[in-house]
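J.: The annotation disulfide bond is assigned in Swiss-Prot to 59-351, 223-237, 376-387, 381-435, 437-464 on the grounds of similarity to another entry. Residues annotated as N-linked glycosylation site in Swiss-Prot, with sequence analysis given as evidence: 81, 165, 179, 253, 368, 401. Look at Swiss-Prot and you will find 147 tagged as active site, proton donor. Annotated region 'Disordered' per Swiss-Prot: 478-502, in sequence order. Residues or ranges marked as compositional bias 'Polar residues' in Swiss-Prot: 487-502. Here Swiss-Prot flags 492 as GPI-anchor amidated serine, drawing on sequence analysis.
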C-alpha cells in the first residue's frame, strides 16, 4: 500500500517556562484533550457503519448469483417507491412540494422559489410521503437530498444564481418603487427566511414522525474546497465558508446526523490533492458536529462514490480509495455511505464488472481499514471510543501491516485474513492515534500496549481477528483480554493492524497536540508577566 509518512509538531521555546508554569498549563490543557468526543455507534459494536445505497438489487454476478452485500450493515436502494428501508433517501420528487427550477428545462416546479410555495401545503404532503417511505419507526438513516438551491443566499452562485435573480425580480414586481439595492436586500431576506423555514420545518416533521431515524441533509456541511488548479493546493476550506457554516447553526441544531459528501473527480485521480480535499471536508464536518455541544457531537455519515463524478464508468483505483476511505476512517466518523447510480448496473457486463471490482479491490481494502480501526479502538480505547489521528492533518492511516497480514478470497467467495499483530504494530497505534471517547463515556488511552494479551474484533459479516499475543511482559498487572461481542461463535480467524511507519519524533503519549498548544503559551507567557 506504499509508505505513509507522519508529520510531527516542532516544539519551540517550551523550556522558557518554569517547571511550575509547565505543570499548571498541562493540567489546564488536559481537559481539552479528553473532551474529543464522538457520537456512539448507531448499531452496538459497529463503530464504523458501512452502508450500501446503490440500485444493485437486480444485479447478477459472474456465478449467476446476486452480488454479495454481506459486508455492509445497511443495504438500501435509491430507487423510487421502495419503502421500509434502513436508509431512506428523499429526492426532490419524494418529499412534499419542494420548490425549484429545473436546471435542464427551466421549468418552474412548485412555484420555483420557497417564497412562492405554501409551507403548510408542503408539510401536509411531506407527512404523507414520510409515512409511505418509512411505514414504521425503526433505527436507520433518513437523508433529505435537496440540492437545487442553497439556504445561504451568497452560496447560490452560477448556475444557481437564477434563484437570486428570480427573487430580485419578484420583489421588484411587488414593489416597483424600490431601488435596486433595496430590492436585493429584501429579496435576500425573504429567500433566506422562507428557505430556512422549508428546510427546518421539514426536518422537524421527519423527527416527530420517525424519531428513531437520524435526520439530516445530504451535502451539509460543505466547505467548497474544490480549487484544485490553484498553486500549492492544500485542501483547506476557505475561512468565509467556515463562517457561513457557523451561520447555519439553526440547521445543525435540529439535525440528528450530518451527511457530507467527498465524491472525487478525475482531476485528483491518484493525486495527493484528493486526500487533502477529503481530509479537510471531513475535518470541517467534525467541527460542525460539535458546534451545538462539543461533548455530544452529531454522528457523521460520509457519502462516497466508487467512480469519478465526471467518469461514471471508471472505478476508483486503490490509491483513490486510500485518499477517500483511508482519509475518512482515521478522522473519526460514524459511518460511510457508498452511493451509486444506475450506471453501475445498466447491463450484465456492468454488474459483472462491479462484482469483480468489489472482490478484487474494494472489499479487501474496506476489510483492511475496518479491522484496523476496530483493533485500534479495542487496544487503545477498550471499545469505549474510536481511534483518531493525533494530528488530523497528517498522512497516517489505519491500515494493516502488509508484512504481517494477508487478505485472502477463498474459493467459496468468503474472505479471510491471515496473520497477527506484532508489538510494533500496536505501538504504531499508540504513536499515531489517540482515543476519541463516545458521548457520556469516560475513557483514556491505554499506554501499556505491551500488556495486551489478545485481540478479538470482527467485521459485520464475521471476518475476524482472534489472536493470542505473546509479547514480553514488562509488568505483572496484566489486564484480562478485551473481546468483541460480534465475534462470538465465529469460525473466521484473522488479524490486522496499522501500516503507518514508526517515527522517532512522535511523543509516546496522547498529549502531543496539547503540548504543542502548551509550547505556544510558553513562547508568549513572558509578555504577559
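Don't overthink the numbers, they just go from 1 along the chain as shown.
Cβ coordinates come from backbone N, Cα and C, glycine included.
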J.: Using the structure shown, find which entry in 59, 223 (the disulfide-bonded residues) has the sparsest Cβ neighbourhood within 10 Å.
T.: 59
J.: Quick one: Cα separation, residue 401 (N-linked glycosylation site) versus residue 387 (disulfide bond), in Å?
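T.: Between the alpha carbons of residue 401 (N-linked glycosylation site) and residue 387 (disulfide bond) there are 17 Å.
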J.: Which whole-number value in Å describes the distance between the Cα atoms of residue 59 (disulfide bond) and residue 368 (N-linked glycosylation site)?
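T.: Here the two Cα atoms are 25 Å apart.
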J.: Of the disulfide-bonded residues 223, 237, 435, which sits closest to residue 179 (N-linked glycosylation site) by Cα distance?
T.: 223
J.: Please report how many Å separate the Cα atom of residue 165 (N-linked glycosylation site) from that of residue 464 (disulfide bond), as a whole number.
T.: 57
J.: Radius 10 Å, atoms counted are CB only; among the glycosylation sites 81, 165, 179, 253, 401, which position scores highest?
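T.: Per the Cβ count within 10 Å, the most buried is 401.
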J.: Out of 376, 381, 437, which of the disulfide-bonded residues is least crowded by other Cβ atoms within 10 Å?
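T.: Each of the disulfide-bonded residues 376, 381, 437 was scored by Cβ atoms within 10 Å; lowest is 437.
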J.: Please work out the number of neighbouring Cβ atoms within 10 Å of the Cβ of residue 351 (disulfide bond), leaving out its own Cβ.
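T.: Its Cβ has 20 other Cβ atoms within 10 Å.
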J.: Determine, to the nearest whole angstrom, how far the Cα atom of residue 435 (disulfide bond) is from the Cα atom of residue 464 (disulfide bond).
T.: 22
J.: Go through the recorded positions 237, 368, 387, 437, 464 and tell me which ones have a CA within 10 A of the CA of residue 381 (disulfide bond).
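T.: So far as Cα distances go, the recorded positions lying within 10 Å of residue 381 (disulfide bond) are 387, 437.
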J.: Out of 147, 223, 387, 437, 464, give those recorded positions positioned within 10 angstroms of residue 81 (N-linked glycosylation site), comparing C-alpha atoms, in sequence order.
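T.: Within 10 Å Cα-Cα: none.
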J.: Just going by other Cβ atoms within 10 Å, which of the disulfide-bonded residues 237, 435 has the emptiest spot?
T.: 237
J.: Whole-number answer please: how many Å between the C-alpha atoms of residue 464 (disulfide bond) and residue 237 (disulfide bond)?
T.: 38
